[in-house]
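The structure under discussion appears below in the form of structure tokens.
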Amino acid sequence: MDKFTTLTGIAAPMPLVNIDTDMIIPKQFLKTIKRSGLGVNLFDEMRYNQDGTEKPDFILNQPAYRSAEIIVAGDNFGCGSSREHAPWALLDFGIRCVISTSFADIFFSNCFKNGILPVVLPQEAVDALMEDAKKGANARITVDLASQTVTGTDGTTYGFEVDAFKKHCLLNGLDDIGLTLEKVTAIDRFEGQAAQSRPWV
Amino acid sequence: MTTPTQAAPKTIYDKIWDAHVVDTSEDGTCLLYIDRHLVHEVTSPQAFEGLRMTGRTVRAPQKTIAVPDHNVPTTEGRDIRIDNEESRIQVDALDKNARDFKINYYPVSDIRQGIVHIVGPEQGWTLPGMTVVCGDSHTATHGAFGALAHGIGTSEVEHVLATQTLIQKKSKNMKVEITGRLRPGVTAKDITLSVIGETGTAGGTGYVIEYCGEAIRELSMEGRMTVCNMAIEGGARAGLIAPDETTFAYVMGRPHAPKGAQWEAALAWWKTLFTDEGAHFDKVVTLRGEDIAPVVTWGTSPEDVLPITANVPALTDFTGGKVEAVQRALDYMGLTPGQKLTDIQIDTVFIGSCTNGRIEDLRAAAAILKGKKIAVKRAMVVPGSGLVRAQAEEEGLAKIFLDAGFEWRLAGCSMCLAMNPDQLAPGERCAATSNRNFEGRQGRGGRTHLMSPAMAAAAAITGHLTDVREMMAEPAEAI
Ligand code: SF4
């Protein structure tokens with residue numbers, strides 16, 4: 001997994017609430033057995049016409065936002081299915097950070113496993129950053145994980161909360177499985193005890 | 001927080017959680033032991049690939065159960081050949097991974113194959129007090145047994161395969177109580193949709209829900225699974241229901257349920273799994289069972305729920321960011337504010353999915369359909385498992401569906417998410433018993449209205465959204 005430390009980039013405004021994982025990556029693209037290559041199909045049904053041509057008014061098709069690295073989104077981003085194809089598609093497109101007032105639970109945790117930082121901010125801050133994002137390529141937003149801040153185009157800084165363990169893993173690009181396997185004796189012990197107390201499991 | 005004492009009252013969620021903590025870090029992050037890991041073909045290939053790349057193995061193959069369901073065609077001959085190449089590759093990959101890693105497996109050729117969330121309980125893999133995970137958000141279904149069950153992403157699938165644990169922070173406790181009794185024609189599906197209508201799709205975010213109250217207690221296991229299944233649509237990590245005699249009776253004798261002395265030991269522990277008097281809930285939602293009507297969704301979010309007697313809402317009924325979403329939903333769904341819901345014409349009816357693909361669901365639909373003919377372009381029943389299908393044939397339900405003009409399919413997810421050939425065409429409008437009405441969910445441009453099996457059957461007969469209670473009033477249809 002790639003580290004996430006600090007990022008200054010173009011942010012795409014997507015004020016729609018409840019952007020679900022079916023919108024982020026429709027199911028016909030879940031048939032892959034790989035993690036890569038999903039970026040072209042990110043937001044597929046919103047982004048392309050049935051004949052495959054681009055819909056010019058979709059935000060990521062506009063010249064200013066083709067290289068966006070951040071999305072500022074409406075409430076409850078990523079609701080719906082557990083498909084990790086959603087963060088894979090975002091990442092493959094080049095998105096490393098999503099800012100919203102709230103995220104769906106599974107999507108939120110999937111982001112961290114893929115080097116994407118989901119940032120939760122209060123409504124006023126998201127509204128202000130949404131306005132910044134609308135300014136297009138002239139406006140860049142800076143996200144700094146170490147100091148847990150987002151800085152808007154006018155220099156206003158917003159602090160955000162992030163789970164200490166998740167932050168540590170993301171800053172250092174650490175693999176969860178490797179970390180857990182260091183605790184294998186504790187797992188062995190638990191399994192041994194459970195085999196006694198709940199043998200039917 | 002109160003100081004924990006030995007007698008500190010706990011919720012059922014607290015109890016199951018505490019019984020599975022392997023390790024706690026200073027910041028409160030826990031390593032949670034996983035009792036059952038269910039696997040399907042869509043969210044697992046990359047996880048197995050990860051194991052191979054790192055030379056890791058599956059830690060507890062005997063606690064890991066795989067079944068292909070999302071991609072499989074629901075027509076005959078699929079055990080010999082799956083035409084869609086990508087689907088075939090995914091199913092073949094699962095075959096191979098199950099074989100290589102020696103995990104429990106139900107291939108498409110096995111009569112026990114079906115939707116992972118139907119197969120788990122049916123085979124007795126899902127038991128009270130367990131932690132159950134699957135790379136699928138509707139894992140919440142298994143909470144009906146008083147298990148802590150939730151969906152995970154593919155990286156976490158790999159994590160569980162390799163370590164049989166999950167890194168988790170505890171969620172908050174939420175209580176959803178349905179008091180009193182349901183009125184005739186109102187089902188578990190109406191309960192769960194009504195709760196989401198009340199709380200919104202983000203109302204449960206950060207919580208594990210315990211469903212309780214008289215109306216919940218009176219539900220069968222099938223109904224409880226329907227309720228818990230959609231906890232995720234309300235944003236909750238999981239939903240669960242304390243186990244009771246109904247649960248134990250369902251579990252007893254299942255192939256993987258404990259037997260003999262182990263059954264007695266298990267039962268003794270299961271009986272301790274209830275929320276203690278005075279336990280703390282961070283959020284409480286109460287609905288009166290009597291107030292719940294048969295409902296349908298009109299929009300493209302499961303929170304867009306209204307009683308069937310209502311009209312399509314207007315933009316002015318909403319505020320904030322939801323206004324744009326509602327405008328978009330009305331356009332997408334091709335509806336006009338003020339239009340009566342019962343005036344909405346239906347092209348297709350889909351009965352199935354992990355929400356409503358169990359035997360009781362098929363019975364409820366068949367009771368409405370008996371002796372009637374469909375007035376829609378097409379209608380299909382996709383039983384949740386091969387065993388559900390066989391039982392429905394034995395009970396004569398298949399014949400009722402076929403006589404009415406329904407297609408009688410093989411088990412799988414089918415048109416719930418339309419990854420297989422069962423899809424809606426653009427603009428095609430469907431009465432569906434599944435759980436998601438998102439844009440494009442059942443096929444690009446397809447329009448989905450969610451409802452109970454009885455309501456879907458009623459719509460099939462009239463060709464438009466229909467209040468099933470009107471059909472039940474006829475004496476011949478009394479159940
Ligand atoms: S039936 Fe639908 S919701 Fe259930 S597991 Fe299959 S695709 Fe998911």
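Just so it is clear, glycine is given a Cβ too, placed from its N, Cα and C backbone atoms.
According to TrEMBL, the [4Fe-4S] cluster binding site annotation covers B:CYS354, B:CYS413, B:CYS416.
Cβ atoms within 8 Å of the centroid of the Cβ atoms of B:CYS354, B:CYS413, B:CYS416 (the [4Fe-4S] cluster site) belong to the same-chain residues B:ASP69, B:HIS70, B:ILE115, B:HIS117, B:HIS138, B:GLY352, B:SER353, B:THR355, B:GLY357, B:GLY384, B:GLY412, B:SER414, B:LEU417, B:SER434, B:ASN435, site residues excluded.
The most densely surrounded of the binding-site residues B:CYS354, B:CYS413, B:CYS416 is B:CYS413 (count of other Cβ atoms within 10 A of its Cβ). B:CYS416 ([4Fe-4S] cluster binding site) falls within a helical segment according to DSSP.
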